[in-house]
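Inspection log for the structure reproduced underneath, given as structure tokens.
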Amino acid sequence: MGDYDEDTAFLGQTGPYFWVTFFLLNTVFVSTGFNGLYIIFAGATPKHHCLIPDVNLTEEWRNAIIPFTGVDGEEIKSQCSRYKLDVVKNLSSEGYVPGRDVNLTSLQQEECLDGWTYSKQIYQSTIVTEWNLVCDNQWKVPFASSSLFVGYLFGSLISGQLSDRFGRKKVVFMSLAVQCLSVLLQSFSQSWKMFCIIFLFVGASQISIYISAFVLGTEVLSKTMRVLFTTLGAFLFYCIGYMTLPWIAFGIRDWRTLLAVLSATSVVYIPLWWFISESPRWLVTQGRVVEAEAIVRDAARRNKVAAPPVIFKESEIQEIPAGRKYTMLDILKFKKLRCITLMCLLLWMSINIGYFGLSLNTSNLSGNPFMNCFLSAISEVPAYIVSTLLLRVSPRRVLLSVFLFLGGGVLLLIQFIPESVQQVALALEMTGKFGFTMAFSIVYIYTAELYPTVLRNVGMGVCSSAARIGSITAPYIIYLGTYDKVLPYILMGSLTISSSMVNLFLPETLHKDLPETVEQMQECQGLCRRSKKRKCIQNGATHNSLSQLEAKSEVETLNL
């Protein structure tokens with residue numbers, strides 16, 4: 001296929017068609033902000049202690065039956081044990097007074113055999129209070145969070161192929177319907193297992209919405225609007241949903257009602273089917289040129305510009321076999337694709353560990369959990385604005401390395417902050433969130449610009465699938481904080497700094513047209529060049545040609 005951007009240059013860089021598409025597609029991302037992180041509130045663990053049954057105990061013994069334990073240097077009531085009820089009943093009936101007549105530390109303890117009592121000061125109910133996911137069962141909470149990200153993994157793998165086969169638009173709206181139904185069914189879960197299974201479908205549909213809508217906007221919008229969409233647009237509207245979530249949860253403290261209300265928000269997207277068009281780029285690669293031209297001509301009419309008699313020349317279209325279908329296996333067939341994909345996988349994985357690790361940790365911070373979530377969300381807004389401005393003029397590789405290093409560096413500094421100045425640690429954590437958010441927004445547009453149109457959605461899906469390994473791991477990294485508060489920060493910081501060097505080997509895409517075919521893709525820097533050099537030696541290249549290759553590599557290294 002010829003250069004799509006050149007063929008459609010007559011549409012201009014802005015206009016009513018582009019702006020309407022921009023805003024309508026961005027509203028879809030609000031739903032991903034709603035449904036991506038409601039586990040923060042649905043899976044929150046309120047203060048709790050062993051349930052004391054209605055037995056004949058004096059008020060002194062009823063208050064003393066829960067032992068105290070030390071947590072982070074502070075004495076609090078035990079959440080998983082109590083003094084043996086039979087022993088306490090006997091001592092109470094005989095008139096002994098705890099602490100005066102009886103040394104409590106000498107009494108035997110037992111597990112919470114009768115269940116737990118949960119504070120309703122913040123939450124009326126969560127999945128933790130519903131199914132007693134505390135003490136020996138507390139591992140089930142991060143497991144539930146991970147099930148969402150496992151759904152992300154499957155959704156990334158499936159949606160990319162579905163979108164490249166059936167179209168971006170169809171997959172976006174099909175995924176919205178699945179998300180709405182899944183969240184609604186989840187609100188009627190009768191067990192923790194049922195909750196986790198349905199959470200798989202929630203995750204699969206949500207990431208499918210995000211990737212397909214992201215690729216659709218990338219392919220439909222002009223060069224100028226594309227950068228705005230993939231940074232300030234898509235991510236900012238996601239952040240709007242993220243920022244709105246804590247206030248909805250603040251007004252609805254019951255997890256079942258919360259999920260039912262969130263599922264109903266997807267209904268508002270039904271009318272958008274008649275206002276959002278399919279990607280003309282994708283249609284042309286499928287050989288459906290008539291449909292693509294109809295969409296482009298409609299865009300020209302709405303932008304009030306004249307379209308040429310022939311938009312896509314037949315000679316250019318014939319360069320790609322009509323109806324050629326690409327799958328994930330095609331990524332392995334081409335050396336350029338293998339090289340770029342491997343590096344992108346590592347980047348996406350480390351960025352997702354840091355981003356979702358800090359996002360899920362907001363409920364563990366001191367203070368109001370609703371306000372903490374809102375502050376965590378609002379800290380992303382300046383990151384999206386700054387990334388939008390920088391991506392217009394700055395190389396992608398440099399930006400990604402700088403902000404990955406920033407995010408990882410401040411997390412490593414947290415362990416050196418004393419307990420007396422926790423406000424500084426909180427500020428560093430928000431700075432780390434800023435760095436990861438910047439990297440998150442950059443890597444999306446960077447990856448979309450690296451892959452050709454015929455494999456863009458598949459490539460995005462594969463990278464997003466690898467990122468889900470990081471997302472699945474993130475809840476357990478945060479869970480390690482129950483053993484050592486700084487351990488999650490050390491792990492996330494070290495991994496991020498290590499990965500900040502990987503993208504330096506990727507090709508630069510600033511001011512470059514989107515590749516349409518594999519042949520139009522750029523090659524990796526450094527690694528592929530050394531491979532070419534080895535091949536040249538093995539084939540007995542002349543000394544002169546080898547010198548030219550070395551000189552070219554030195555120039556490229558200096559540019560890097």
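Cβ coordinates come from backbone N, Cα and C, glycine included.
Note: TrEMBL annotation is automatic and uncurated.
Noted in TrEMBL for the protein shown:
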TRANSMEM  17-41  transmembrane segment
DOMAIN    87-511  domain 'Major facilitator superfamily (MFS) profile'
TRANSMEM  194-216  transmembrane segment
TRANSMEM  228-249  transmembrane segment
TRANSMEM  255-276  transmembrane segment
TRANSMEM  337-357  transmembrane segment
TRANSMEM  369-391  transmembrane segment
TRANSMEM  398-418  transmembrane segment
Within the same chain, where does the transmembrane segment (398-418) have neighbours whose Cβ lies under 8 angstroms from its own Cβ atoms, ignoring anything closer than 6 residues to its ends? I mean 6 or more beyond. 347, 350-351, 354, 387, 390-391, 424-425, 428-429, 431-436, 438-439, 442-443, 446, 486, 489-490, 492-497, 499-501, 503-504
Does the transmembrane segment (17-41) come close to the transmembrane segment (255-276), meaning at least 3 CB pairs under 8 Å for residues 6 or more apart? yes
Tally Cβ pairs under 8 Å between the transmembrane segment (228-249) and each listed stretch (17-41, 194-216, 369-391), then give the stretch with the top tally. 17-41
Report, as numbers and ranges, every residue of the chain located at least six residues beyond the transmembrane segment (17-41) whose Cβ falls under 8 Å of a Cβ in that stretch; write 'none' if there are none. 11, 123, 126, 144-145, 148, 172, 176, 179, 183, 199, 202, 206, 209-210, 213, 216-217, 220-222, 225, 228-229, 233-246, 248-249, 255, 258-259, 262, 265-266, 269, 272, 275-277, 298-299, 302-303, 359-360, 362-363, 369, 373, 377
Give the mean pLDDT for the domain 'Major facilitator superfamily (MFS) profile' (87-511) on the 0 to 100 scale. 83
